[in-house]
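J.: A single structure is presented below for examination.
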Amino acid sequence: MAERTFIAIKPDGVQRGLVGEILGRFERKGFKLVGLKQITPSRALAEQHYGVHKERPFFAGLVDFITSGPVVAMVWEGDGVIASARKLIGATKPLEAEPGTIRGDLAVNIGRNVIHGSDAPETAEFEIGLWFDAAELNDWTPSDQTWRVEA
C-alpha cells in the first residue's frame with residue numbers, strides 16, 4: 001500500500017469557502033483521496049489530536065478554535081504523500097509560507113492557517129486512526145492511475 005496522510009481543512013478554511021480550492025490542489029498533484037468527511041470535532045477529539053501541545057500556552061485556544069465549526073477531514077494516498085503534502089501546505093506561519101503554497105496563498109495569521117497536515121508516518125497513522133474508522137477508508141484505483149505514476 002502507498003503512503004497515507006491525514007489532512008484537515010480547519011474551520012476558517014471551511015467558513016471561507018476554500019474546500020474546493022484545497023481539494024483541487026491535492027487532486028491536481030496526483031494524490032488519491034481515500035477518506036473524506038465533514039465533522040465538527042468534539043473537545044475530546046480535539047484534545048487527543050493536539051495532545052502533543054497540551055502544556056503549551058496556546059493549547060486551550062487551539063482546541064476552542066478547532067471545535068468552533070466544521071472541519072473537513074481527509075486521508076490522501078500516494079508515494080511520498082506526507083512530505084509532498086507538507087510542501088503543498090507551506091510553513092505553519094502563513095507569512096513565512098512561500099507563494100504558491102496553500103498557506104502562502106490563502107492564509108495570513110498563524111491562528112487561522114486554514115489547514116493541518118500530518119508531519120511524519122507515525123503522526124499520520126495516529127491521526128488517521130483518531131479521525132476515521134477503517135471502514136470509512138476506500139481502497140480504489142483511479143481510472144487515470146497509469147497516467148499519474150509509473151508502475
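Each Cβ is built from the backbone N, Cα and C atoms, and glycine gets one as well.
These numbers come from a predicted model, not from an experiment.
Sharing the features that Swiss-Prot gives for it:
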{"type": "BINDING", "residues": "LYS10, PHE58, ARG86, THR92, ARG103, ASN113", "note": "ATP binding site"}
{"type": "ACT_SITE", "residues": "HIS116", "note": "active site, pros-phosphohistidine intermediate"}
J.: Using a 10 Å radius around its CB, how many other CB atoms surround ARG86 (ATP binding site)?
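T.: The answer is 17.
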J.: Max Cα distance spanning LYS10, PHE58, ARG86, THR92, ARG103, ASN113 (ATP binders), Å?
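T.: Those residues reach a largest Cα separation of 22 Å.
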J.: Which residues of the same chain, at least 6 positions away in sequence, have a Cβ lying under 8 Å from the Cβ of THR92 (ATP binding site)?
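T.: Non-local contacts for THR92 (ATP binding site): ARG103, ILE110, ASN113.
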J.: Any idea what the Cα distance is from the residue listed as 'active site, pros-phosphohistidine intermediate' over to PHE58 (ATP binding site), rounded to a whole Å?
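T.: For the residue listed as 'active site, pros-phosphohistidine intermediate' versus PHE58 (ATP binding site), the Cα atoms are 16 Å apart.
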J.: What does DSSP say about ASN113 (ATP binding site): helix, strand or coil?
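T.: DSSP call for ASN113 (ATP binding site): coil, neither helix nor strand.
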J.: Taking the Cβ of LYS10 (ATP binding site) as reference, which residues of that chain separated by at least 6 in sequence fall under 8 Å from it?
T.: PHE65, ILE66, VAL71, ARG112, ASN113, VAL114, ILE115, HIS116
J.: Please work out the number of neighbouring Cβ atoms within 10 Å of the Cβ of PHE58 (ATP binding site), leaving out its own Cβ.
T.: 12
J.: Within 10 Å of the Cβ of ASN113 (ATP binding site), how many other Cβ atoms can be counted across all chains shown?
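T.: Around ASN113 (ATP binding site), other Cβ atoms within 10 Å: 23.
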J.: For THR92 (ATP binding site), name the DSSP secondary structure in the helix/strand/coil scheme.
T.: coil
